[in-house]
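**Student:** Sending over a structure as structure tokens; questions will come in a sec.
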Amino acid sequence: MDFMASIFSVSVREYVKDYIRQNGLLTLSVLAVITGCVLGFTLRDLDLSTQAKIYFSFPGELLMRILKMLILPLITSSLMSGLSSMESKACCRMGVLTVTYYLWTTFVAVVVGIILVLIIKPGYGTHAEGSRLGGGQVITSADALLDLVRNMIPSNLIEATFQQYKTDIIPIMKTPVNTGRPNFVYLMPDEENPKGRTVLLELTPPPDIEYKTRPSSSQQMNVLGIVIFSATMGLLLGKMGERGVPLVNVCQCINECVMKIINAAVWYFPFGIIFLVAGKILDMSDPSTLGKKLGWYGMTVMAGLFVHGLILLPFFYFILTWKNPFTYIRGLLQAMVIALATSSSSATLPITMKCLLENCRVDRQIARFVLPVGATINMDGTALYEAVAAIFIAQVNDYELDFGQLVTISITATAASIGAAGIPQAGLVTMVIVLSSVGLPADDITLIVAIDWILDRFRTMINVLGDALAAGIIGHLCRKDFPPDRTNVPLTEVPLLGGKDCILEVVGDTVFERPTVYYNICQV
């Protein structure tokens with residue numbers, strides 16, 4: 001009996017150690033989200049001051065800063081080093097498949113949202129609020145599309161690391177010309193003139209307002225421009241051959257260092273998540289009031305995200321790869337929890353990359369290309385939400401949409417989601433484009449602002465899930481272009497140029513010695 005008990009205790013200890021090693025961080029992250037929710041709702045009764053809330057949320061702010069700090073070096077180093085080692089045909093095929101798949105899933109998400117909002121009709125039971133934003137001219141769909149193209153080709157690459165191009169609409173007031181003629185003539189009797197005397201009344205007409213566009217910028221990273229530039233640099237470095245090796249080695253070293261920073265910082269995430277979630281709950285309005293006003297709208301968005309994220313996307317993965325999608329998704333739970341806490345697909349990018357490489361065993365070169373592109377243009381959850389929100393606002397205003405307007409919403413929501421930044425609540429900005437495309441009042445966005453921060457977290461999870469599943473699908477479809485012996489090469493096996501007469505190159509089990517290629521500054 002003692003022998004059996006000792007064997008049982010040893011097996012239990014081994015199981016616990018194995019579980020902690022594989023799922024310990026995920027478990028801590030889930031517990032952190034639950035703890036943050038409980039702590040946030042508990043502290044709401046204390047009615048903390050604004051300054052106290054800022055101090056309380058400081059650990060969560062540090063978490064966001066750590067993640068945002070890693071975005072730029074991760075995107076640039078991943079794309080440059082990944083694409084430089086690919087053949088042109090393989091890279092072109094992978095790029096076409098990736099963009100086509102992203103556009104397809106985004107359009108499907110929009111269609112799912114439109115179908116659900118037309119069936120549930122959440123707007124017919126909701127009354128519009130009396131206080132709204134002031135009306136005025138809003139940016140048109142054409143200007144928004146041009147801004148998207150401008151951001152793809154930034155005029156200043158350094159500026160693109162912290163600013164995006166944005167077209168601003170400014171009103172210009174023109175004073176009407178005074179004709180000098182009275183507008184109205186009155187006869188007013190008084191004691192001296194019982195029959196009345198003539199009174200001339202001149203009314204000043206309201207000023208004419210013209211709207212003019214001007215170039216401006218918004219304080220957020222132009223990820224799309226950085227992705228386009230880095231991808232172009234990576235392709236050209238690959239064609240340069242030996243001359244491009246020094247810069248490729250630098251990018252590989254940067255990428256390896258970033259992943260090491262992620263591995264070290266990832267243990268801070270559960271602690272930061274607690275205060276990040278609790279701080280957001282402290283800032284939210286009364287939950288019961290929101291539930292009464294926007295309950296059906298929130299349920300419609302959540303139902304659409306559930307159908308698209310847990311039914312359609314896994315179905316596409318299964319059809320294209322013939323593999324179990326939920327086994328794959330289990331390796332992404334850590335990234336999805338971080339997406340739920342941070343509400344930013346760009347900030348979650350380092351964790352998603354880590355999960356794909358370590359848990360899902362996706363080819364390193366494919367993950368380096370598909371994920372940064374997906375975090376920029378693949379916003380399934382945002383596209384679905386914008387379609388639902390536009391039709392919800394139309395229902396609130398008793399505005400009947402015909403089939404042509406529904407098609408317009410689907411196309412505009414797909415295009416607008418591509419231009420949406422991977423930051424919290426970026427969908428509200430592009431929401432204006434969707435509303436203006438069918439003539440709905442843009443100031444009605446205030447109807448959904450109160451509940452948007454909650455829904456934003458769940459649609460970010462779907463965005464991250466879509467990016468990761470796309471990496472698995474593209475990895476399966478392009479597996480012939482990336483032989484197994486070329487995948488996941490350790491950095492120690494990458495030949496680095498140095499002040500030596502020869503370089504040791506490892507090929508299989510054989511070590512070759514070849515002369516060092518020297519470059520002058522003009523060649524590099």
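Glycine too: its Cβ is placed from the backbone N, Cα and C atoms.
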**Student:** Of 62-81, 322-341, 442-461, which span is tagged transmembrane segment by TrEMBL?
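**Tutor:** Of 62-81, 322-341, 442-461, TrEMBL gives transmembrane segment for 62-81.
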**Student:** Looking at 20-41, 372-393, 416-437, I want to know which stretch TrEMBL calls transmembrane segment.
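**Tutor:** So the range that TrEMBL calls transmembrane segment is 20-41.
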**Student:** Tell me, please, if the transmembrane segment (261-282) and the transmembrane segment (101-120) are in contact, taking contact as 3+ Cβ pairs under 8 Å between residues separated by 6 or more positions?
**Tutor:** no
**Student:** In the same chain, who gets a Cβ under 8 Å from the transmembrane segment (294-320) while lying at least 6 residues past its ends?
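**Tutor:** Counting only partners 6 or more residues beyond its ends, the transmembrane segment (294-320) has Cβ contacts under 8 Å with 105, 108-109, 112-113, 116-117, 120, 122-123, 125-126, 326, 328-329, 380-381, 384-385, 388-389, 392, 447-448, 450-451, 454-455, 458-459, 461-462, 465-466, 469, 472-473, 476-477.
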**Student:** Any residues 6+ beyond the ends of the transmembrane segment (221-241) with a Cβ under 8 Å from its own?
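**Tutor:** Tertiary neighbours of the transmembrane segment (221-241) are 71-72, 75-76, 78-88, 91, 148, 151-154, 157, 159-165, 247-248, 346, 369, 372-373, 375-377, 419, 421-422.
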